[in-house]
Amino acid sequence: MAAWSPFKKIAASLFGVTGATAAFTVYNLEKRPLKAAELLLHPPAYEWAHNKVFGSFDAASLRRGYLVYKNVCKQCHSIKYLAFREMVGVFMTEEEAKAEAAEVDIVDGPDDTGEMFERPGKLSDKLPMPYRNDEEARFANNGALPPDLSYIVLARHGGEDYVFSLLTGYCDPPEGFDLKDGLHYNPYFAGGAIGMAQALFPGIYEYADGTPAPVSQLAKDVTEFLAWIAQPELNTRKEMAIKFLMVMTFLLPSVYYWKRFKWAPIKNLKIEFRPPKPPARDQTGTATLKFRKGIPKLRLTDQIYKTLQTE
Ligand code: HEC
């Protein structure tokens, strides 16, 4: 075998060293202990009616979901961006929403004497917050802050599927899992230990409309409600899309036809070059080129004529 050039030798050594380092790193990465965060369970994909192409929010489910929020989650979680008036026409009549609003006390003011006062809620009021501030919320919940649920469905990876799985996923921790006091095991929550205790149990709430209320139904309804708050314009957006498609079905072909119609003469235009006939020659072989008046005639001798023709 021919001796390797110094360049080849260096290249081969570099290749060897890089390869060995890579192999060593991969080996060590593979044998490292499992981290708690990797025990995260990914939520399965559920078929939400509102996520289908032609699907919309289930109004009956929203109505039940609101009641679940009001009777269970509201104790700890705020929905501070939702006003009572937004529920009108979606899953409540105006009277019902007014009655809902009137149930809560809203701090308003200051009045003429400079004092704040409490009054019954109005349609334009936002849903009340369970705690005055984050500090009070943390204090009441073992240091964990219950997040505002207005946009939680959009704010969490997995959206509705995650929230539903989280609510229904409480179980005993696996063997050897070190669960601190005040935390609860939920495989869908990153790290497994969540500060929120299981909130939904069979039989904690009964629907007035007679729908059976196992945990999965309660969780589905409240999740549907949370999905609606996060994007209340979803139904309208889909309606607009359907209208847009309907208009476009007629508009696009006609615009296409119009374009073809207007462009046809231009696209089909043929430009042809017809070379002029060579000038006639007399017996001596001389051709006479006549130009416009005032320009002298040009006589082409046989010789020039031939050269011109061959070129
Ligand atoms: C007793 C108080 C309490 C109740 C009732 C409660 N939660 Fe919570 N929730 C919490 C606390 C505290 C946290 C923060 C947990 C943490 O960060 O470890 C939380 C967190 C959450 C989260 C966010 C999890 C994440 O990924 O960060 C969601 C979603 C949630 N709750 C939904 C609900 C819903 C829906 C209900 C009603 C069915 C509900 N909660 C009822 C206290 C409560």
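Glycine is no exception: its Cβ is also placed from the backbone N, Cα and C atoms.
Around the Cβ of M196 (heme c binding site), the same chain contributes C76, N141, A144, P146, H184, each under 8 angstroms and 6 or more positions distant in sequence. The annotation heme c binding site is assigned in TrEMBL to C73, C76, H77, M196.
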- [ ] Please work out the number of neighbouring Cβ atoms within 10 Å of the Cβ of C73 (heme c binding site), leaving out its own Cβ.
- [x] 22
Open item on the list: Quick check: in three-state DSSP terms, what is C73 (heme c binding site)?
Closed with: helix
TODO: Within the same chain, and leaving aside C73, C76, H77, M196, name every residue whose CB is within 8 angstroms of the centroid of the CB atoms belonging to the recorded heme c site, in sequence order.
DONE: V72, K74, Q75, P146, L149, A199
- [ ] Enumerate same-chain residues with a sequence separation of six or more from H77 (heme c binding site) and a Cβ-Cβ distance below 8 A; give 'none' if the list is empty.
- [x] Y69, P130, P146, P147, D148, L149
